[in-house]
Amino acid sequence: TSAALALLGSSVAALVVWKWLGKKMIQKKMEEARRTRDEGMKKMAKAVQQFREQVPSVQTDAILSLPLLELTGRLQEGSLSPRTVLYTYLEKVSALEVTQQTNCLRHFIPECEEQLQEIERHKEKGLLYGVPVSIKDHIGHKGHLATCGLVQCLGTPMEEDSVLVKVLKRQGAIPFAMTNVPQSLFSYECSNPIFGRTLNPFNPQKSPGGSSGGEGALIAGGGSILGIGSDMGGSIRLPSSFCGLCGLKPTAERLRWCGCLLLPHPVPCAMGPMARDVDSLALCMKALLCQEMFQLDPTVPPIPFNEEVYSSSTPLRVGYYDTDGYFPLPPCMRRAVKETRRALQAAGHQLVPFTPPRVPYVMTELFMKTFFADGGRTWLDVFKGDIVDPGLKPQVNSCKIPRLVKKLLALLLKPLQFLLLIKLKDVAMISICRSVKEMWNHQHQIQVYRSQFITQWKELQLDVVLCPVLGPAFTTGYPRKLLTAISSTMLYNVLNFPAGVVPVSTVTEADEEELKLYKGCCDDPWDRTLKQAVSGGVGMPVAVQCVALPWQDELCLRFMKEVETLSRHK
């Protein structure tokens, strides 16, 4: 007996030591990654200082204030040099107000100097000639990590540029920075244990959104003029909403996904641009949808950007709604839709009420079941040998609940979920597929829903739809408590419709007063949490969402441009 106890004791001690060593190894890897980032920032600051000594008379503020279309015009004609523009933005990035206050940068790309020399050698100037571009952490750039905020991704730099980066470079763009993301990308907070939390440049108490939160903060802070993000539940549109930017989630197949994570196919992830105005998004899409893209990636349909559709001024038939019937948004977001609707009507467009069908069903049965069909086991695998970020612990813990307990909870809670529209915080724990047959049926149900949605759209003869987007920016720490609040954006990932966000207003004192009366759907804990999340947002950006049918990305952008023009005029 004593021998058995001694053996047990030594085994427990060995296990404790093994776990301790594992944690020390993780900490060492994270410290090394942070040290590499800091050294890169120092190199960037030194290069900027050397440039300023050589060219002391640069009109920094004038360059930073130029819209992208004007900047590209100046670069093309030669009145501005790519070197001057690049180092002006590098100087802005290395300044305290952009990086140290928001923590938006994951890594400086020193090879931007090589790309600068490369484009200066070529006589032919691409559409993005000399434009500094920031890219989201997981987008592959040769010689750099695509971490997704995970320790397991820290050891293997990319062997070559992703197709998207190759096309950007061929169009003359200069990728110069990689931006921070939430751990595993599955969050609309922007925090990971390696590089920390990113904050909103307008208010450090607020989140920039996610998962393209680093992009949102960098562009909104003035440190980048054009960024590339990705969107699998609102990851371009939510940071755009929270940070007052324009952002487009295209039809997923128009720009191929590039990343380090295995993603579910039925709800595809889309790559897309983020910028200060809609014209910048259109120029980026026009540059990317080129012959080089179609040659490098034959799986991308060879459909060039349709300038005629984007430039059209034909009046549109616009469907609209200010609530999806699942998660009522704060008063300011509904106000934004109503004001935009009236402006569109006054401008000669036809506005038609539209009700998206069965959004609670989409959220619980279609979207969540796609991602957690196996009970979250595939997702949990990415955290092996890692420290889980606090923002993800509620979801990670729910996925760890034994399958039998999940089944019992599913039986007990499902009637409540539909009859009372209760928004379960951890929907993942009831959304599982129990067999291969059920998985096939689930994928079929997504196609059925898409067909029904398009039929309803066609019956009303709509061109586009105007609808709300989640906002204004949440106080940090709240996104983890309200995973299902993003139904406004998730819907169009399930449908794979192009959808974009345009800022049209800011939160007013009157909005803040009206928020005090907000009851949401049922005045339940989730409605009250949403109220807390968005309070104290006076002056923060308020946006709307613009949607078109699949493959009509140019029409979506054209509608976004119309909304932008009318809101600026107002």
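The backbone N, Cα and C atoms fix where each Cβ goes, and this holds for glycine too.
What TrEMBL says about this protein:
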type	residues	note
DOMAIN	97-557	domain 'Amidase'
ACT_SITE	Lys136	active site, charge relay system
ACT_SITE	Ser211	active site, charge relay system
ACT_SITE	Ser235	active site, acyl-ester intermediate
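Structure with TrEMBL features highlighted.
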residue: Lys136; record: active site, charge relay system; CB count, 10 Å: 28
residue: Ser211; record: active site, charge relay system; CB count, 10 Å: 33
residue: Ser235; record: active site, acyl-ester intermediate; CB count, 10 Å: 34
Inset, instruction - Provide, as an integer number of angstrom, the distance between the C-alpha atoms of Ser235 (active site, acyl-ester intermediate) and Ser211 (active site, charge relay system). - result: 5
Inset, instruction - Between Lys136 (active site, charge relay system) and Ser211 (active site, charge relay system), find the distance joining the two CA atoms and give it rounded to the nearest Å. - result: 9
